[in-house]
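Q: Sharing the features that TrEMBL gives for it:
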- 7-123: domain 'Response regulatory' (DOMAIN)
- Asp56: 4-aspartylphosphate (MOD_RES)
Amino acid sequence: MENSASTILLIDDDLFSRKLLQAMLQKVGCQVIEADSGEKGLELYQKISPALILLDAKMPGMDGFDCCRKIRQLPEGEYIPILMVTGLEDQESVEEAFAAGATDYVTKPVQMPILSGRVRYLLKAWQAEKEVRESNERFRLELSRAAEYVEALLPKTDDSQKIRENIQASIQVNVQYKPSNTLGGDAFDYTWLDDEHLMFHLLDVAGHGVKSALLSVSILNILRKQTLQGADFFKPETVLFALNDVFQVSDNGEDYFTFWYGVYNVSTRELSFASAGHPPAVLAMPEGGDYKTCYLDSDGIAIGLLPDFPFDVRKFEIPVGSSLYLFSDGVYEIPVGDNHEIWGLDAWADVLREYKGTNSSNLQPLLDKVCYVNGGANLEDDFSVLEVCFP
């Protein structure tokens, strides 16, 4: 479709009116394309993509009101300014014009100063709105690319198979990640520290947007390279203490993050873990042909809030056939019902218990469930789940 910032589509069945309006508009530098019916106007609109439409309300066949409604349903039609130019002056016609989607309304006989002033204003407003929409689209694309970059850094479920090929204990790690529309700050990872110790963690940076995502990527890279001074990666509490030493909040109180970090010993089946203000992990354990859940949590505040905070470590012996789930609060802090009460951690834990009973390695049903609870709308926070299945 062609486009010009000063192209106006004039739709009027009266030849004299069209020529008069065309002369007025050409004096203020506008290019005018004429249509003598609503049907012809619709056809031309889709070919020339004008910056503004002048539309007569009363025409034989398709009148201006119907034409306006149909234009609003076409691509980009919701944005185009439509100025009704007509001899109708009664209030009912004015209301119908706006109900049909008209942007503004003038009556015949048209006064040149009034018409030129309104046309200039509508063209300027249209151009400004167009620039805002284009800017928003560029920003949306940048967020999308940033989300793709973050997702590319995170481990995939298939990666666990590559790890298991060289490990006697067939521990399986599955992951599911879906970034929010606004790009959140979730990140997670897992790796073998040696032949007997599997490390896994999940973090959630406060806020949304590129800044939070970049901070989460920075933390992820530091942990992967194991370049954190003062940290023994076999000892969760030292990792949290070292992170807290490096990542103190800025003066505006931002840049803190929650964190859950665990190390599993294959030989002893002992899990050592520590948490920094993060939601507790959920452990689903076999019980009488079914499963029960418990929370694995430790005392600790978010990383960056208080210098020299003494994080503690907890230990738990993992029963055979159990699965551990790490996640961020975005998976369960969902308002539901007319009162917008939070769905909650306990409800989420019940979903995990039921999911464990399916013996599936595909976490997509968990995402589907959360989206269903959210009413099918896009999630406002990242969806991040890491599952560790213990043989």
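Sequential numbering from 1, following the chain as shown.
Using N, Cα and C of the backbone, Cβ positions are placed for all residues, glycine too.
Note that the structure is a prediction, hence the values are computed from the model and not measured.
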Q: Do you know the mean pLDDT across the domain 'Response regulatory' (7-123)?
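A: Overall, the domain 'Response regulatory' (7-123) comes to a mean pLDDT of 89.
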Q: Could you tell me how many residues in the domain 'Response regulatory' (7-123) are helical, how many are strand and how many are coil under DSSP?
A: 55 helix, 23 strand, 39 coil
Q: Please list, in sequence order, the residues in the chain of Asp56 (4-aspartylphosphate) that are at least six apart in sequence and whose C-beta is under 8 Å away from its C-beta.
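A: Listed in sequence order, they are Ile11, Asp12, Asp13, Asp14, Ser17, Gly64, Met84, Val85, Thr86.
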